[in-house]
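Participant: Before I ask anything, here is the structure I am working with.
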Amino acid sequence: MEEDLFQLRQLPVVKFRRTGESARSEDDTASGEHEVQIEGVHVGLEAVELDDGAAVPKEFANPTDDTFMVEDAVEAIGFGKFQWKLSVLTGLAWMADAMEMMILSILAPQLHCEWRLPSWQVALLTSVVFVGMMSSSTLWGNISDQYGRKTGLKISVLWTLYYGILSAFAPVYSWILVLRGLVGFGIGGVPQSVTLYAEFLPMKARAKCILLIEVFWAIGTVFEVVLAVFVMPSLGWRWLLILSAVPLLLFAVLCFWLPESARYDVLSGNQEKAIATLKRIATENGAPMPLGKLIISRQEDRGKMRDLFTPHFRWTTLLLWFIWFSNAFSYYGLVLLTTELFQAGDVCGISSRKKAVEAKCSLACEYLSEEDYMDLLWTTLSEFPGVLVTLWIIDRLGRKKTMALCFVIFSFCSLLLFICVGRNVLTLLLFIARAFISGGFQAAYVYTPEVYPTATRALGLGTCSGMARVGALITPFIAQVMLESSVYLTLAVYSGCCLLAALASCFLPIETKGRGLQESSHREWGQEMVGRGMHGAGVTRSNSGSQE
C-alpha cells in the first residue's frame, strides 16, 4: 500500500526560519533555523493533487520555495545608515514630547503667580493636557493601524505644532486651558514614532535602540529647563512656549523623508511598496537584499480593540494598562513634586510653609528662583543614568524584571522622603527616584511594541499610552492639591502604586527578550499552516533537540 502512495527514497531537508518562511539554501546558517526530519525514513516525494482539487491558499504557499518575510529582510539588512537617520528623526519627536511635558512644571507656578490662580486651577491646567492625550492616544493608534504609521505620526505632529504656537498667544486662563488641551490631543500620537521605529530595527539592536531614543527625551527635559533659565526672567512664558516648539518644527520639515513601515505595507497587501522600502534601506545601508519572494501575510482586520482581549493577550493588555498608568502617574507626579519640595526646602518644610501661607493669603505664590531651576536641572539630568542602567540590565534580566526592579527602587526612595532631610539629600533621593521611574517607562516602551503583533501593535501601544495619560491626568491633584493637606499621604500613594506595578510586571505572561516581532495575531506561523497536508508519520526533530 505504501508503494501505491510513493516510493521511499530520500527526504530532502527543509530549513524553517523562526518566522515561518523557508528556503532551500544549504549554506544558510542564520540562527533560529531548524532541520525537520522524519526518523528512519528517506523519501523522494512525488507531486500529488488535493482530493478536492482546490488550490492551496496564498498564505499556505509551499514552504520549500525561496521566500522571506519582512523580519528576515530587516535582520539581513541589519543596522546601518538608514537606522541612524531614523533614530535622530524619531528622537526629535521624543525631544518635543519631553519639552511639552517638562514645561508644565515650569508654567504652572508662573501662571499661579501672574494670573493669581487658586491651586485647583493650576492643577487643572496640567490635567487638561493629559485629558487631551488620554482621549487621543487610542485614536492615533487606530489611525496608525488603519492608514499607516507615517500618516498618523505626521498628522499628530503638525497638530501639536499648530496649537503649541497658538497657546503662546492665549490672553486669559480659559484660552490657554483649551489650547493646551488641544496640544495634549496632538501629543497623544507621538508614541507612534516608537511603533514605526521598532518595525525597522533588527532583533538584537531593538531594545538598545529604543532605549537610546529615550536619550532624546532626557535631552528634551534638560533643554527645557536650560531654556527656562534664560528665557523666563527676560522674555517670559509666552516666548518659552514658542521656542519649545522648535523640535516639532524640525520634525515636521524632515518627516516627509520617513518611509512607511514595510511590515504595515505587507499586512495591508502593498507588497511592491514594501519591497521598494526594503530595497531603499538595503541601498542606504550598503547591504544585500535577501533572495527569493516576499511572503504576503494573511490580510487581517487591523486596529480592532477586540484583538487586544483575545485569550492570548487579555492578561497582558490589562497588566500593561496598569503598568503604564503607574509609570506616568509616578513619573509626572515626581516632576511636579520636585518644584514643590524645592520651594519648601524639604518635606517638613511644606507643612510649615502651608501654615504660613494660610495665615497670609490663600492665593500666595512663589516664583521659581535660580536655585530652584538649578536643582530642577540636576534632577532632570537623572534621566541619563536612568537610560544607561536600563540599557545595561534589560537584556540581562529581561523586560519584566527590569520594570519590576525600577518600580521597587522608586517606591523605596519615595518612602525615604518621609524623613526630614536636608536639601542635598533631598536632591539625591529625587535624582535616584527619577532615574529609575524613567527607566521603568523606557522598559515599557521596549516591551509593548514587542509583545503585540503588527496588526494591533500601534493600537496596543496607543491604548497603553492612553492609560498612561489617565495616570498623568490624576497626578496633579495628588502632587499639587493633596500635598497641601498631607505630604505623607501623598508620598504613600506614589509608593504603594509602584509596589503594585512591580507585582503586575512580574505577572506578565509573556517575556519578549530574544523574540522577533510577530507579523500576525497567530502566536506561531505554524498555526497559519493548519489545513495544509502534513500527515507524514514519525517524529519531528530539530537540531537543537527541542520540538518545534
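Every residue gets a Cβ built from N, Cα and C, even glycine.
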Participant: Can you tell me if Swiss-Prot, going by its topological domain labels, places G152 on the same membrane side as W237?
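Facilitator: Going by what Swiss-Prot records, W237 is on the opposite face of the membrane from G152.
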Participant: For the transmembrane segment (317-337), which recorded stretch in the set 157-177, 181-201, 239-259, 402-422, 425-445 gives the largest number of Cβ pairs separated by under 8 Å?
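Facilitator: Looking only at 157-177, 181-201, 239-259, 402-422, 425-445, the most contacts with the transmembrane segment (317-337) come from 425-445.
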Participant: Take a look at 181-201, 239-259, 402-422, 425-445, 458-478 and tell me which one has the most Cβ pairs under 8 Å to the transmembrane segment (374-394).
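Facilitator: It is 425-445 that shares the most Cβ pairs under 8 Å with the transmembrane segment (374-394).
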Participant: Is it true that the transmembrane segment (181-201) and the transmembrane segment (490-510) have 3 or more Cβ pairs under 8 Å, skipping pairs fewer than 6 apart in sequence?
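Facilitator: Checked: the transmembrane segment (181-201) vs the transmembrane segment (490-510), no contact.
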Participant: Could you tell me the mean pLDDT over the topological domain 'Cytoplasmic' (446-457), as a whole number?
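Facilitator: Taking every residue of the topological domain 'Cytoplasmic' (446-457) together, the mean pLDDT is 84.
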Participant: Flag the pair the transmembrane segment (402-422) / the transmembrane segment (210-230) as in contact if three or more Cβ pairs fall under 8 Å (sequence separation 6 or more).
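Facilitator: Taking Cβ pairs at least 6 residues apart, the transmembrane segment (210-230) and the transmembrane segment (402-422) are not in contact, as fewer than 3 fall under 8 Å.
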Participant: Using Cβ distances below 8 Å and needing 3 or more such pairs, separated by at least 6 in sequence, tell me whether the transmembrane segment (458-478) contacts the transmembrane segment (123-143).
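Facilitator: Answer yes, regions in contact.
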